[in-house]
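Accompanying notes for the structure given below.
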């Protein structure tokens with residue numbers, strides 16, 4: 001009875017609200033960041049910059065896995081419970097790591113990383129051009145003043161809906177969207193279920209499982225992103241050549257993953273499933 005508590009805690013609302021705000025802040029990075037690079041970089045340098053951007057998006061989760069591994073080794077009631085009073089270890093199924101510590105650290109780092117964005121200029125000089133940002137911003141203001149606001153709104157609704165409809169009827173674009181969804185689904189599946197599989201199948205602690213996933217998977221993805229952008233810049237690969245390369249590399253990736261079906265491990269004994277309860 002001492003461990004029983006009345007249900008109905010509303011603290012989960014704070015976690016949900018924090019994730020909503022975090023999602024609002026993270027959403028513009030990929031679409032607007034890529035457009036930002038495309039607008040202000042030379043055509044031959046754009047693939048390399050995009051490769052660096054995607055490399056950075058993988059380095060972040062890699063560091064996150066290392067941080068999660070560290071936090072999982074600490075007991076959830078860090079600071080309020082004496083370490084000598086804890087009688088279970090990190091490999092015990094009842095162990096709960098200090099998950100909240102990672103959230104506080106990441107939130108603080110996000111806040112610090114967002115400060116430099118306040119000092120970016122309103123307009124940049126395109127790579128290779130000599131026009132000053134102030135001149136470009138002045139021309140933009142003049143053009144906006146010449147156009148009527150109501151007419152601008154009508155123009156948006158007049159062209160936005162047909163353009164959106166044309167996007168959904170573009171087979172290449174929709175195929176790319178489907179492939180992206182499948183790739184993220186596979187990645188999310190690995191992140192969600194692989195730690196538990198390593199814990200159950202190989203007797204690893206949650207901390208070790210998270211650490212192994214980060215070390216063995218994400219660094220090689222970083223290398224692939226970086227050298228992919230570097231090769232596109234060096235050999236000046238156009239969009240059609242890039243699509244062909246992406247197809248054949250993806251096919252090779254599928255065959256390599258498919259070979260994992262021949263890697264069979266002994267099934268762990270599970271009461272009621274592989275062995276009797278007796």
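Every residue, even glycine, has its Cβ placed from backbone N, Cα and C.
Unlike curated entries, TrEMBL annotations are predicted automatically.
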Students should find that the transmembrane segment stretch in TrEMBL, chosen from 144-165, 210-231, is 210-231
Residues from the same chain, set at least six apart from the ends of the transmembrane segment (172-190), whose C-beta lies under 8 A from its own: 213, 217, 250
